[in-house]
């Protein structure tokens, strides 16, 4: 028997259901030890569920998981960890008030007393050995996301991990942070750790993984194949599947991240160079409010028919920017003008009347009231803009809503159904139909495609393009650089509440990445 | 001067025990509004235990047992039946207040106060004028220290905090937050029993209905005031006791000039001010904010 082919992980017919939804369906796969395995798929393909099943966090409805040849009892984190499986979560699983040392300590075994300095010395040594530059006494909540991820990896390596699973580890990283992470992963591989990477970008898969497996709609459509035997086109075809709607080549490339420079179909914009800007922010600084860094001296202008992208590692002031524009954050100095009109002191209602529309970050929290009906959600725009005592005719609103939703191709049963009953893509279309009306002047689209499948993503991009053609100004905030570079006419990078750089096409991903992390390149 | 300190220790000690119960529950992720109910159950069980067994040890064991069982019930309703913990806690308080009244009514045929022939052991003449204080007063600082070690310097404490602050993080390293909460509530139940015992049998030696008079809620306020830290919360509880004792003092001195009710209300006013201050003090509000939301995705 040869040791090199020994499987570290064997899944047999694993099926997971959440209510009526089948998240994983009869997945059988086995991974050889000592290699880097990528698992790819669209949002909702079942990647995270797959990772959680292996880690013992989700109890599969059917099927079995074997680790290093031993059957795992279903849904036991402790047994999985004893067998050497550790999971690094997409949104980190570290209590924010803990110090780094405490976060390392709480998952271990044994119940001995400790002093704070002992604890910090012990775990500082562990961090240093992994070459992670974080102080053991710092609190998790004070760390930037990249350090939090390093800490979570260090926590996963507290025990003698044999199989390390990283769920979308690059989602929160700048391109340079991702490269550092990949170096660390290669180092771990040479130390004998098997690694499963959950990814959704083909470029990253081909850069790091030894094998790749593709999930689509909860099914394994391609077992682990060597990355040397597959190319980006074939892989993107496997990920998207036989799509009902043929996609634009560039959109397809952006969706799967299979190329690094895509910018081609811009150029229709900026027709009206002399027209007054739709948005004109001058040296805006906001008051600190404990919810991300405040804006510092932000100047930003958007001309009619222009899409401006905001890139940056999450948590660098993007949310504050949206709140400042929506009159939800206190502006301490500077001015904001909308379509030639000063709105610095206007409340949100006034700004909306002036043409501001927002597709918010959290579709299900800020965007829709999930327990209210579709027509109530849809009517909110008009009701907010009308006077307080104006007469409301529900039947008229219902029929208006119906024709709007039909025009936007929303799949729904009746306008009286609750917004929470729609899928992510359809829910986003409801918001689009409300926020992208004829009177819209400035549209803020905050992560408008997050969590959407490829068809819905292309729909959103198309809608933004339509609005651009109507001479709206569009501010697109996204953590997906491919998306930004594909559809934006100009990109600004935010870092710690400041604008750290402005870029025009053709974009240089390395320079944008450097601006995101604050590295200045010599010209 | 001695008698003021004695009065403070007498009224503060039961509060500290119950506060510690609130601290451990809160760190595990439960806002424990059932403290009042557990405290009065502990007080009632102690007095009835002394009356019927003539043994202080057995009486304390009965009180601790009753409160632990009630805590398991509370845990079951909150964790297994997924009831809202605030409502369930208030329900537990109602159960304690009503249940104890019902118990003495059905045993003695009246709602009058029940006296016990003796109370908790005293700390003895070695302590001079403090000799009449009960043994639980002497043990109180040790309990506070032990809780500090348990919550801040052991892995159990870290797991408890993780279960409270970020249940998903706890689950992902193989900790079952629900079981940790059971442990926290049961330990807390025992502490509430001791608090109730000290209240009814420490200096008084009787039980009357509704004798806790909101002390459980004051302990809850001390938990918030102390930002979930055992030492801070215990100090907050003692602060309330000091204000209360001074209020009684003030009655003797200014009783004819200042309205009586205002002076009696001092501890409660101090509670409100304390809560308000805790939001101002650095760390207080921040350290506590994570507990309101229970993230578990």
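Glycine is treated like the rest: Cβ placed from N, Cα and C.
Since this is a predicted model, take the numbers as computed values, not measurements.
Feature annotation from TrEMBL assigns transmembrane segment to B:6-26 (among others).
A Cβ distance under 8 Å defines the sequence-distant neighbours of the transmembrane segment (B:33-52), meaning residues of its chain 6+ beyond its ends; these are 14, 18, 21-22, 58-64, 66-67, 70-71, 74, 85-86, 88-97, 99-100, 103-104, 107, 114-119, 188-189, 192-197, 199-201, 205-207, 210-212, 214-217, 219-220. The annotation transmembrane segment is assigned in TrEMBL to B:33-52 (among others).
What TrEMBL lists as transmembrane segment is B:58-78 (among others). Residues 30, 34, 37-38, 41-43, 45-50, 85, 88-89, 91-92, 95-96, 181-182, 185-186, 188-190, 192-194, 196-197, 201 of the same chain, all 6+ positions outside the transmembrane segment (B:58-78), place their C-beta atoms under 8 angstroms from a C-beta of that stretch.
Away from its own ends, the transmembrane segment (B:90-114) comes close to residues 33-41, 43-44, 47-48, 51, 70, 73-74, 77, 206-210, 212, 216 of its chain (Cβ-Cβ under 8 Å, at least six residues beyond either end). Sequence annotations record features per position, and here TrEMBL assigns transmembrane segment to B:90-114 (among others).
Beyond the transmembrane segment (B:126-151), the same-chain residues lying 6 or more positions past its ends with a Cβ under 8 Å from any Cβ of the stretch are 2-3, 5-6, 9-10, 13, 16-17, 20, 23-24, 27, 119-120, 157, 160-161, 191, 194, 197-198, 201-203, 229-231, 234. Here TrEMBL flags B:126-151 (among others) as transmembrane segment.
Look at TrEMBL and you will find B:180-197 (among others) tagged as transmembrane segment.
What TrEMBL records for B:217-250 (among others) is transmembrane segment.
Feature annotation from TrEMBL assigns transmembrane segment to B:262-279 (among others).
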Original post:
Under an 8 Å Cβ to Cβ limit, what residues of the same chain, 6 or more beyond the ends of the transmembrane segment (B:6-26), are close to it?
Top reply: 32, 35, 38-39, 129-130, 132-134, 136-137, 140, 143-144, 147, 151, 160, 164, 181, 184-185, 187-192, 194-196, 198-199, 202-203, 215-216, 218-220, 222-223, 226, 228-230, 233-234, 236-238, 240-242, 244-245, 248, 291
